[in-house]
């Protein structure tokens, strides 16, 4: 065998040009692959999942000539992005959330507690819009929480009607401006809240019917602001301080529909405060608590109370040491009196309490500290019709009774709460 010598490749700089033509006999493909120990791949069917509909139609008609790809002139405008077709909803059984009407979604959202409602509000824009619907925010319970005043304002702006927030902490300054609230029932008892913040919040409340500010530091502007709530029915200012007798007079003169009033134990009340209060009591009051004023409440004040509030059903004058048994005839003028509290009125002689048993409408009598334990049973036997010393605390104008587990506010159960067990 004679080998042919390789020809010298000419220099590129020369004028000689060389062209190579590659060819392959397709019949030898299987022989070559067999020698390599592999086999040829079978021709797969065309995967139409990622191919646009236009190309699919061309694949169905092989006789049609293929489209020539036009080479662009360097411009990006010649490129076209073809989107993958959406999957048919028929592949997914059930009803889509997007097809549910707003009313049905609101009904579902109404079964959620506050943490879950806040969570679903972040799903999409539609759910966020629905989560702000006023029907979901009728009642709110944030008792015992550390709240920023701005957060409280935003929540009230969502249309809250009943707001239960006792023993909470809102000491930070209130910054943003806000509009009027729809709240009608509010409990801020024993909270730590800045006087300025409290004034700003209450100044936007003009529809209050029930309000409890027990134990809070107030001011004359705050008390006068409350006077704009002409529909106020229950007011609890027990243990409050920081306002003058003129503010008390303005408040009671404006709230002409009051039914329950608790002005007990306002520790900076003077004799003038008590006189201003009793002189402006509306005649609609049926439950009144003016206990805790020791020497500042006189018999003359009791006479004024009886005259201005003839429809009293429940009266608490405990810890008024200036009251004696000579004031008993005044109680007989109250034709509807059922519950009377005279605890720790030490100048009342225990034996004279038998006279109160002659009040035909009277049902309960609280005389803690007056009757010794040894003679209490004798008094109960002498007055079998009355329940004596059956309640340690007053319920007048107070929003929540029984225990801290009670989430009601004047009989209204708050639906939105941070407690998980209320969720479905």
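Cβ atoms are placed via backbone N, Cα and C, with glycine included.
Here the structure is a predicted model, which means the values were calculated and not measured.
Of the given residue ranges 67-73, 74-80, 81-87, 88-94, Swiss-Prot assigns the label motif 'Nuclear localization signal' to 67-73. For the ranges 8-29, 30-51, 52-73, the feature annotated in Swiss-Prot as region 'Disordered' maps to 52-73. Residues 238, 259-266, 269-271, 273-275, 277-279, 314-324, 326-327, 330-331, 333-334, 336, 341, 343, 394, 396-397 of the same chain, all 6+ positions outside the repeat 'LRR 6' (286-308), place their C-beta atoms under 8 angstroms from a C-beta of that stretch. Sequence-distant neighbours of residue 179 (phosphoserine) (same chain, 6+ apart, CB under 8 A from its CB) are 157, 204. Residue 179 (phosphoserine) falls within neither a helix nor a strand when secondary structure is assigned with DSSP, and so counts as coil. Outside the repeat 'LRR 1' (151-176) by six or more residues, the chain places 132, 134, 137-145, 182-194, 196-197, 200-201, 212, 399-400, 407, 409, 412, 414 with a CB less than 8 A from a CB of the stretch. Across the residues of the repeat 'LRR 2' (177-204), the predicted structure has a mean pLDDT of 90. Residues 286, 291, 306, 310-325, 328, 362-372, 375, 379, 382-383, 386, 394 of the same chain, all 6+ positions outside the repeat 'LRR 8' (334-356), place their C-beta atoms under 8 angstroms from a C-beta of that stretch. Secondary structure counts, DSSP: the domain 'F-box' (94-140) has 28 helix, 2 strand, 17 coil.
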